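K.L.:
Here it is, the structure in full.
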């Protein structure tokens, strides 16, 4: 029997690597981690020991009757009570418990209550709790902020699901890992996924960057792995962060010929904040200038990542996404880390999903690309996503096929939303359309009212500031194809800072540029910027009539470059002085009714009547002045060049002396840059 690594022995014993590590520790064997080697003799002994234990356990299991499943802990339901419910008979109806039963149960506890008796809030809460309810007291609408209401409702849903999973923890099962591929632009993330999926993706990307997060599922040795591809460009920070929050494992791609770059550091920080394990894929090892050891040294120096083969605990796998070298080992390591992490879900309950991307599809309407985290998502399910609800009409898998059921960790596109869901919210399945509407309708109305009120106030403030301030402003209406793209464009524009110009984003949204966008741009004297969106015919016509500029882009770099040029065009030109000549005063002529005239010998360059003159005495700067008159002999001239002499009179009549040194400067207007 050859020597084996711990995880290889675990496979032979048909047990998890985590359990084997624990068993080896109890046996007193010194093994550091799953990659540690076990010698031949020890492997043989361990196989004998564990085979005997397995036989003993099998006999014991056959002799022992199967235990009854423990009764599940009751989930407390929430009930909202109004002031008029603080009467015993009304409370009984509210919680659905017979009045006589409540009176009897409370009497046993030593509390005497009458049917029409008024009770206080504490008593109402205590009674409700006895029968499995959590009482919450109604507040008038005006006292509850829109955001607080949304958070309360979503928090209630989240807590319900958490309670559900905690209650059914014995029924949780292992689900496929969700893996996010991160790294610097052009380090080979999309090419790696392309090689894994055996389809061409890299060639389809616009402008050299992945502009929307895509999720794909593959099978390796009979086990599923879900991959999320996140953009590498620095502008897509929030999209990368979203990917990290939705994932179980991060594969950090670092090019062996380029090393750790700014977005490598940023991507790793996202993974660290999300407390997600990282596997480093050192890519492009087929390149002539690839240096694996130097790349590992950078991982240590810049990220404090110590590779396993250097004594650390981070798995590093040298790969070539182009040739496919090392990819099988990378997939093996992903499955190993997933096994050690014991990634679980509750597959039988209602579905819970995380939104990777959402957009308005021209043919399907509002859609969301999601990863199912728990439960089974089915066609016909009713879903809640913040203030938006959905009856699932269609589920489309990562291969573009329509399916009926999506299982945990499966990436799917959901079709059927009333409007584009915000990627900040999770998706929860509820029991009925009525429940979905109840949770979302009021929230949606409040959001819309609040949005319109804020828009009006904000617009009035902007117009007032434009009138009162000399500082130039650029008002923008932004539209993008997805929420992720919109966020990236907002971040890009925010990076174009200037002390002279303030950028106001009057409105931003997802979808086609419409007539409302044009009217808002007109009211704020702004322009419309669209990213990967179309402009409807009516909006284009209105824009022409109103004189509103609409600029649309497909590539983020083009948008940035044009925005930069637009801002630079609004900047005041900068005055730059250019040294054009030098001279020395040889004689001072004091002429009545004229003043002092300096006789100057030009030493180099020239002097013109428009020059600024700087005066130095014994090497020390005295003052600068403008030329009042310039003469060559007795003629008024516009310009005199070295080595000629000239007579000049300054406008200020400052004290000039013989041997004073003069410098002549011409002023130019130069366009400022951001």
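Note that Cβ sites are derived from N, Cα and C of the backbone, with glycine treated the same way.
Small disclaimer: the values here were computed from a predicted structure and weren't measured.
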K.L.:
State the residue range annotated as region 'G4' by Swiss-Prot; the candidates are 279-282, 283-286, 287-290.
P.N.:
283-286
K.L.:
Looking at 183-190, 191-198, 199-206, which one does Swiss-Prot call region 'G1'?
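P.N.:
Result: 183-190 is the stretch Swiss-Prot calls region 'G1'.
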K.L.:
Of the ranges 229-232, 233-236, 237-240, which one does Swiss-Prot list as region 'G3'?
P.N.:
229-232
K.L.:
Checking distant contacts: for the region 'G4' (283-286), what same-chain residues at least six beyond its ends satisfy Cβ-Cβ under 8 A?
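P.N.:
Contacts of the region 'G4' (283-286) (Cβ under 8 Å, skipping residues fewer than 6 from its ends): 187-188, 192, 253-258, 292, 318-323, 325-326.
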K.L.:
Taking the region 'G1' (183-190) alone, what is its mean pLDDT?
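P.N.:
Summarising the region 'G1' (183-190) by its mean pLDDT gives 84.
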